[in-house]
Amino acid sequence: MCKKNKHTHFDIAFDECATAPCGNHTCVNGMGTFTCVCSGGWSGARCEMPPDFCLNHDCKHGICVPGSEKYACNCTDFYTSVDCSIPPGMHTAP
(Lines of atoms letter the chains of each structure in order from A; the text may use other names.)
(Lines give C-alpha, C1' and ligand atoms only; values in the text may rest on other atoms or scores of the structure.)
Protein backbone atom coordinates (compact mmCIF):
# COMPACT_ATOMS: atom_id res chain seq x y z
CA MET A 1 0.00 0.00 0.00
CA CYS A 2 1.31 3.42 -0.91
CA LYS A 3 1.43 6.20 1.62
CA LYS A 4 -0.12 9.51 0.70
CA ASN A 5 2.32 12.37 0.34
CA LYS A 6 1.66 15.13 2.78
CA HIS A 7 2.60 18.60 1.67
CA THR A 8 2.72 21.60 3.88
CA HIS A 9 1.61 24.91 2.41
CA PHE A 10 2.88 28.18 3.83
CA ASP A 11 1.61 31.61 2.87
CA ILE A 12 4.43 34.08 3.21
CA ALA A 13 3.48 37.73 3.25
CA PHE A 14 5.64 39.68 0.84
CA ASP A 15 5.40 43.40 0.25
CA GLU A 16 5.28 43.74 -3.53
CA CYS A 17 5.49 47.52 -3.09
CA ALA A 18 8.80 47.42 -1.15
CA THR A 19 10.83 48.23 -4.28
CA ALA A 20 8.65 51.28 -5.09
CA PRO A 21 7.53 49.99 -8.51
CA CYS A 22 5.14 52.93 -8.91
CA GLY A 23 7.72 55.65 -8.34
CA ASN A 24 6.20 58.56 -6.40
CA HIS A 25 2.65 57.29 -6.96
CA THR A 26 0.57 55.03 -4.71
CA CYS A 27 1.29 51.30 -4.69
CA VAL A 28 -1.39 48.87 -3.48
CA ASN A 29 0.02 45.52 -2.34
CA GLY A 30 -1.83 42.35 -3.38
CA MET A 31 -1.30 38.58 -3.21
CA GLY A 32 1.76 38.13 -5.38
CA THR A 33 1.08 41.33 -7.28
CA PHE A 34 0.66 45.08 -6.91
CA THR A 35 -1.41 47.83 -8.47
CA CYS A 36 -0.24 51.38 -9.10
CA VAL A 37 -2.68 54.22 -8.50
CA CYS A 38 -1.43 57.11 -10.62
CA SER A 39 -1.94 60.76 -9.75
CA GLY A 40 -1.66 64.09 -11.54
CA GLY A 41 -2.65 62.73 -14.94
CA TRP A 42 0.13 60.13 -15.08
CA SER A 43 -0.80 56.72 -16.53
CA GLY A 44 0.54 53.28 -17.38
CA ALA A 45 0.87 50.06 -15.39
CA ARG A 46 3.64 51.65 -13.31
CA CYS A 47 2.62 55.30 -13.79
CA GLU A 48 5.49 55.74 -16.21
CA MET A 49 3.61 57.80 -18.81
CA PRO A 50 3.51 61.56 -18.12
CA PRO A 51 0.29 63.49 -18.64
CA ASP A 52 -0.42 65.00 -22.04
CA PHE A 53 -0.87 68.64 -21.12
CA CYS A 54 -1.71 69.46 -24.75
CA LEU A 55 -4.71 67.12 -24.77
CA ASN A 56 -7.20 69.69 -23.48
CA HIS A 57 -5.55 72.86 -24.79
CA ASP A 58 -6.01 74.27 -28.25
CA CYS A 59 -3.25 76.38 -29.74
CA LYS A 60 -5.43 78.08 -32.36
CA HIS A 61 -2.67 79.22 -34.71
CA GLY A 62 0.28 77.35 -33.31
CA ILE A 63 1.71 74.10 -32.09
CA CYS A 64 1.29 72.85 -28.54
CA VAL A 65 4.51 71.81 -26.83
CA PRO A 66 4.06 69.74 -23.66
CA GLY A 67 6.31 70.47 -20.71
CA SER A 68 6.99 68.60 -17.49
CA GLU A 69 4.13 70.28 -15.62
CA LYS A 70 2.42 72.51 -18.19
CA TYR A 71 2.09 73.24 -21.88
CA ALA A 72 3.12 76.11 -24.14
CA CYS A 73 1.94 77.23 -27.55
CA ASN A 74 4.49 78.07 -30.21
CA CYS A 75 2.55 80.53 -32.36
CA THR A 76 2.86 80.57 -36.15
CA ASP A 77 2.25 83.31 -38.72
CA PHE A 78 2.93 86.06 -36.14
CA TYR A 79 -0.10 85.21 -33.99
CA THR A 80 0.28 85.98 -30.29
CA SER A 81 -1.28 85.22 -26.86
CA VAL A 82 -1.19 82.13 -24.68
CA ASP A 83 -3.36 80.18 -27.14
CA CYS A 84 -2.13 81.93 -30.33
CA SER A 85 -5.54 83.51 -30.96
CA ILE A 86 -4.54 87.15 -31.51
CA PRO A 87 -3.81 87.84 -35.19
CA PRO A 88 -0.84 89.91 -36.36
CA GLY A 89 -1.32 93.63 -35.80
CA MET A 90 -3.89 93.17 -33.04
CA HIS A 91 -2.35 93.99 -29.69
CA THR A 92 -3.96 94.29 -26.32
CA ALA A 93 -3.10 96.98 -23.82
CA PRO A 94 -0.81 95.84 -21.01
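Every residue gets a Cβ built from N, Cα and C, even glycine.
A TrEMBL annotation is a machine prediction, not a hand-curated record.
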Member of C22, C27 annotated by TrEMBL as disulfide partner of C17: C27
C38 (disulfide bond) - helix vs strand vs coil (DSSP): coil
CB within-chain contacts under 8 A for C54 (disulfide bond), separation at least 6: C64, V65, P66, Y71
Lowest local Cβ density among C27, C64, C84, which the record lists as disulfide-bonded residues, within 10 Å: C64
